[in-house]
Amino acid sequence: VLIRVLANLLLLQLSYAQESSELVIGGDECDINEHPFLVALHTARSKRFHCAGTLLNKEWVLTAARCDRKNIRIKFGVHNKNVQNEDEEMRVPKEKHFCVSSKTYTRWDKDIMLIRLKRPVNDGTHIAPLSLPSNPPSVGSVCRIMGWGSITTTKVTYPDVPHCANIKLFDYSVCRDAYKGLPEKSRTLCAGILEGGIDSCKVDNGGPLICNGQFQGIGSWEGHPCAQPLKPALYTNVFEYTDWIEGIIARNTTVTCPP
């Protein structure tokens with residue numbers, strides 16, 4: 001398992017070395033072996049993916065609070081939505097954990113949901129966890145985004161396979177300048193391409209932002225239409241919530257979410 005995780009991190013590093021002129025909008029199809037930690041969320045009624053998430057270990061998934069629905073189904077090991085991988089699995093939540101409640105998030109705060117699975121997933125060729133970050137992210141980092149979100153801006157077009165792209169991590173002030181109403185301080189990250197053309201978009205919410213090989217962000221909110229110049233997207237800052245996440249996983253009943 002360790003060898004496979006290291007190999008996946010190497011794939012991510014090689015992906016960062018590519019030019020960022022790719023079109024999730026603006027991206028290319030992800031390599032099938034690049035995203036074993038990427039999960040897809042849908043409801044029992046609908047097979048259409050409405051969000052993504054990240055597998056932390058065999059029993060826990062991290063995604064955005066805005067992705068909460070009744071009767072969520074979580075798919076693991078998915079690449080092509082129309083072609084089932086031999087190790088593909090589906091699970092349902094046993095527990096959902098939020099900061100206060102599922103309705104208290106905003107586009108700049110507490111958009112995070114930690115899900116405990118009713119039954120652990122099995123390790124597989126296309127199923128492997130991604131660790132929480134050991135260090136905070138650095139402004140200027142090249143970051144990887146991925147998901148089954150729309151790959152066009154004006155007319156929604158959902159791909160069969162997840163798309164990946166490289167974007168840049170900016171100072172939070174860049175997003176404050178781009179969007180009215182954001183507070184002076186926030187536990188969110190600001191990332192994108194200032195020239196436009198590359199961005200996370202519809203259904204990419206909840207998916208990972210991976211900077212220099214570390215899981216640093218959760219897709220939270222982007223401008224509409226997506227991928228516009230000078231309009232980076234907002235991502236929940238995972239590092240700010242690591243104590244809360246680790247406390248819940250350790251069954252620490254006194255742990256609290258950052259204020």
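Yeah, the Cβs are placed from backbone N, Cα and C, and that goes for glycine too.
Noted in Swiss-Prot for the protein shown:
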- C30-C164: disulfide bond (DISULFID)
- C51-C67: disulfide bond (DISULFID)
- C99-C257: disulfide bond (DISULFID)
- C143-C211: disulfide bond (DISULFID)
- C175-C190: disulfide bond (DISULFID)
- C201-C226: disulfide bond (DISULFID)
- 24-250: domain 'Peptidase S1' (DOMAIN)
- N252: N-linked glycosylation site (CARBOHYD)
- 1-17: signal peptide (SIGNAL)
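All features noted in Swiss-Prot, drawn onto the structure.
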residue	record	DSSP (3 states)
C30	disulfide bond	coil
C51	disulfide bond	strand
C67	disulfide bond	helix
C99	disulfide bond	coil
C175	disulfide bond	helix
C190	disulfide bond	strand
C201	disulfide bond	coil
C226	disulfide bond	coil
N252	N-linked glycosylation site	coil
C257	disulfide bond	coil
C211 (disulfide bond) CB neighbourhood, other CB atoms within 10 A:
26
Between the Cα atoms of C175 (disulfide bond) and C226 (disulfide bond), what distance do you get, rounded to the nearest Å?
14
What is the total of other Cβ atoms whose distance to the Cβ of C67 (disulfide bond) is within 10 Å?
24
Give the sequence-ordered list of residues that share a chain with C51 (disulfide bond), lie 6 or more positions from it, and have CB atoms under 8 Å from its CB.
A40, L41, T63, A64, R66, C67, V203, N205, G206, G207
Sequence-distant neighbours of C226 (disulfide bond) in its chain (C-beta under 8 A, six or more apart):
I25, S150, T153, D199, S200, C201, K202, A233
Between N252 (N-linked glycosylation site) and C99 (disulfide bond), what is the CA-CA distance rounded to a whole number of Å?
15
What is the separation, in Å, between the Cα atoms of C190 (disulfide bond) and C211 (disulfide bond)?
12
Can you give me the same-chain residues 6 or more apart in sequence from C143 (disulfide bond) with a CB-CB distance under 8 Å?
P137, N166, I167, K168, L169, A191, L209, I210, C211, N212, Q216, G217
